[in-house]
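*Asks:* Sharing the feature lines straight out of Swiss-Prot:
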BINDING   C212, C215, H232, C235  Zn(2+) 3 binding site
BINDING   C238, C241, H260, C263  Zn(2+) 4 binding site
COMPBIAS  269-278  compositional bias 'Basic and acidic residues'
DOMAIN    210-270  domain 'LIM zinc-binding 4'
DOMAIN    544-612  domain 'HP'
REGION    269-295  region 'Disordered'
REGION    341-433  region 'Disordered'
REGION    471-520  region 'Disordered'
Amino acid sequence: MSAVSQPQAAHAPLEKPASTAILCNTCGNVCKGEVLRVQNKHFHIRCFVCKACGCDLAEGGFFVRQGEHICTRDYQRLYGTRCFSCDCFIEGEVVSALGKTYHPDCFVCAVCRLPFPPGDRVTFNGKDCMCQKCSPPTLVGNSAHVAQGLRSCGGCGLEIKNGQALVALDKHWHLGCFKCKTCGKLLNAEYISKDGLPYCEADYHTKFGIRCDGCEKYITGRVLEAGEKHYHPSCALCVRCGQMFSEGEEMYLQGSSIWHPACRQAARTEDKSKETRTSSESIVSVPASSTSGSPSRVIYAKLGDEILDYRDLAALPKNKAIYNIDRPDMISYSPYISHSAVGDRQSYGEGDQDDRSYKQCRTSSPSSAGSVSLGHYTPTSRSPQHYSRPGSESGRSTPSLSVHSDSRPPSSTYQQAPRHFHVPDTGVKDNIYRKPPIYKQHAARRLDVEDSSFDQDSRKKTTWLLLKGDADTRTNSPDLDSQSLSLSSGADQEPLQRMPGDSLYSRFPYSKPDTLPGPRKDGLDLRNANLAPCGADPDASWGTREYKIYPYDSLIVTNRIRVKLPKDVDRTRLERHLSPEEFQEVFGMSIEEFDRLALWKRNDLKKKALLF
């Protein structure tokens with residue numbers, strides 16, 4: 001017993017010299033007159049009281065616990081041990097049996113009501129304790145085997161002779177034999193049985209336990225089952241309203257998300273209106289820009305084998321399939337450079353990837369500042385409906401470009417580069433409402449003038465070859481030499497105008513790409529002007545767009561709290577703003593491995609990471 005019972009505190013006169021003051025251990029003041037001394041400590045009579053009730057301890061017994069003085073009644077109430085038989089507090093000797101405490105006089109045989117003699121064997125039948133005289137005698141025949149079985153240990157199989165026995169799983173056990181079947185740990189508290197064998201809680205869960213699909217911890221007690229998934233009742237929360245599911249209530253399961261049926265229907269309605277608005281707004285163009293040399297962008301949609309331009313898309317009725325696309329890919333644009341005189345106006349289509357498509361199609365070398373990439377085009381049997389002429393009011397044209405290896409001098413006039421691509425009507429009229437259009441990124445390729453042969457197989461490709469470059473002020477600057485656009489090999493470049501024998505066409509299946517050879521007269525090496533491919537998947541790698549890196553905490557979104565994200569983040573691809581190290585830590589994989597997953601799997605991982 002940690003507390004020490006003390007006799008009545010004795011009055012002690014002050015026998016020390018007057019020069020040495022005696023201080024009260026409770027109030028700290030000088031003791032004068034009669035004082036109490038307890039374990040070499042002195043107290044005023046009025047200061048020596050119970051810590052719990054404040055009663056005077058000078059006239060009665062007390063207990064000391066952790067330096068505090070407590071009266072007998074309060075100590076037993078707060079820290080005392082009760083007898084399992086009489087339910088009174090135990091003072092003095094105590095008997096412990098089967099995890100219970102008794103007064104020595106209260107631990108008696110359940111039959112004869114006599115205390116157990118010292119050293120006598122005690123028989124516990126699962127309910128009462130009996131002495132050796134009152135225990136059932138050993139019977140003959142079948143009864144003898146039953147009695148023998150009750151006294152045999154369920155673990156080692158030996159007879160339980162002297163000492164205590166433990167009854168569990170309808171068997172008697174030696175105290176040291178009741179162990180976990182897997183790890184061998186003694187089970188003196190809780191245990192879980194399986195097929196008549198005892199297991200500790202940890203091993204039982206490891207072998208037979210059910211994990212919660214929400215918190216991934218083992219489930220003990222009540223379990224909520226939804227399909228093949230199991231949850232703690234407190235872990236099964238609706239992702240929309242955050243409320244628990246009551247017993248017997250219907251549940252809508254989608255991936256790892258759980259919905260109330262009403263909440264799921266409301267979310268579907270919101271998503272449908274949001275997607276319809278996004279699809280309809282994605283084909284709207286802004287007014288034309290008056291900036292000279294700005295990159296023009298053309299909207300295309302591929303429907304089967306037919307290519308639709310912006311005019312065809314704009315002519316679609318609002319109730320047709322173009323407005324019912326289920327989250328289409330982002331409409332991408334194929335920019336090219338239009339050289340125009342000062343004062344000319346250029347219109348461009350603006351989409352969701354303006355900045356990204358423009359950065360992708362810029363060259364990675366400074367040597368491309370004044371270069372124009374030209375390409376071979378396979379002639380077709382049709383002529384375009386529109387082409388560019390100086391002073392044209394419409395400003396709409398189709399490119400008619402060719403590379404000539406002859407040495408004809410450059411013309412004194414400079415024709416404007418085309419500003420828009422338009423696809424003429426084809427002979428076959430497909431039904432444009434038969435299925436939703438598929439938006440494609442048009443690839444821009446480097447062109448090589450040195451190779452003039454056409455590959456017959458490459459004519460079947462559907463990738464468009466577009467004129468691109470940087471819109472400088474070459475048409476307006478007087479410092480530019482008239483031969484600045486000529487080739488270094490001596491073959492001057494033909495002016496950008498329609499030549500006799502050239503064909504204009506609206507579809508451009510390209511052959512083998514060519515590049516401009518050799519360094520030019522102005523000292524720029526065109527062979528080093530590596531053009532970034534514009535036909536790559538805009539979300540396939542980190543390199544297609546420079547995403548600003550933010551910490552993971554600033555990108556997390558939740559359903560209950562409206563989080564204000566940074567302004568310049570892509571809300572549909574928040575994971576792209578993570579650093580590679582933090583991306584690995586959050587998703588457990590690299591960005592390349594993440595991109596190879598299916599779309600539903602990526603969305604599922606983003607939901608778990610609160611980035612969706």
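Here, residue 1 is simply the first one shown, and the rest follow in order.
Placed from the backbone N, Cα and C atoms, the Cβ positions cover glycine too.
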*Asks:* Which one of these binding-site residues has the most other Cβ atoms within 10 Å of its own Cβ: C235, C238, C263?
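*Replies:* By the 10 Å Cβ neighbour count, C238 comes out on top.
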*Asks:* I'd like to know which of the binding-site residues C212, C215, C241 has the most other Cβ atoms within 10 Å of its Cβ.
*Replies:* C212
*Asks:* Closest to C241 (Zn(2+) 4 binding site): which of the binding-site residues C212, C215, H232, C235, going by Cα position?
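*Replies:* So, of the listed binding-site residues, the one sitting closest to C241 (Zn(2+) 4 binding site) is C235.
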*Asks:* For the Zn(2+) 4 site (C238, C241, H260, C263), what does the 8 A shell look like? I mean other same-chain residues with CB within 8 A of the CB centroid.
*Replies:* V239, R240, G242, Q243, W259, A262, R264
*Asks:* Using Cβ-Cβ distances, find the residues under 8 Å from H232 (Zn(2+) 3 binding site) that belong to the same chain and are at least 6 apart in sequence, listing them in sequence order.
*Replies:* C212, G214, C215, K217, I219, R222, V223, L224
*Asks:* When you measure from the Cβ of H260 (Zn(2+) 4 binding site), which residues in the chain that are at least 6 apart have a Cβ under 8 Å away?
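*Replies:* Listed in sequence order: C238, R240, C241, Q243, F245, E249, E250, M251, Y252.
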*Asks:* Summarise the domain 'LIM zinc-binding 4' (210-270) by DSSP state, stating how many residues are helix, strand and coil.
*Replies:* 10 helix, 16 strand, 35 coil
*Asks:* Compute the centroid of the Cβ atoms of C212, C215, H232, C235, then list the same-chain residues not in that set whose Cβ lies within 8 Å of it, in sequence order, for the Zn(2+) 3 site.
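*Replies:* Other same-chain residues with Cβ inside the cutoff are D213, G214, E216, K217, I219, Y231, S234, A236.
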*Asks:* Determine, to the nearest whole angstrom, how far the Cα atom of C263 (Zn(2+) 4 binding site) is from the Cα atom of C235 (Zn(2+) 3 binding site).
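*Replies:* The Cα atom of C263 (Zn(2+) 4 binding site) is 17 Å away from the Cα atom of C235 (Zn(2+) 3 binding site).
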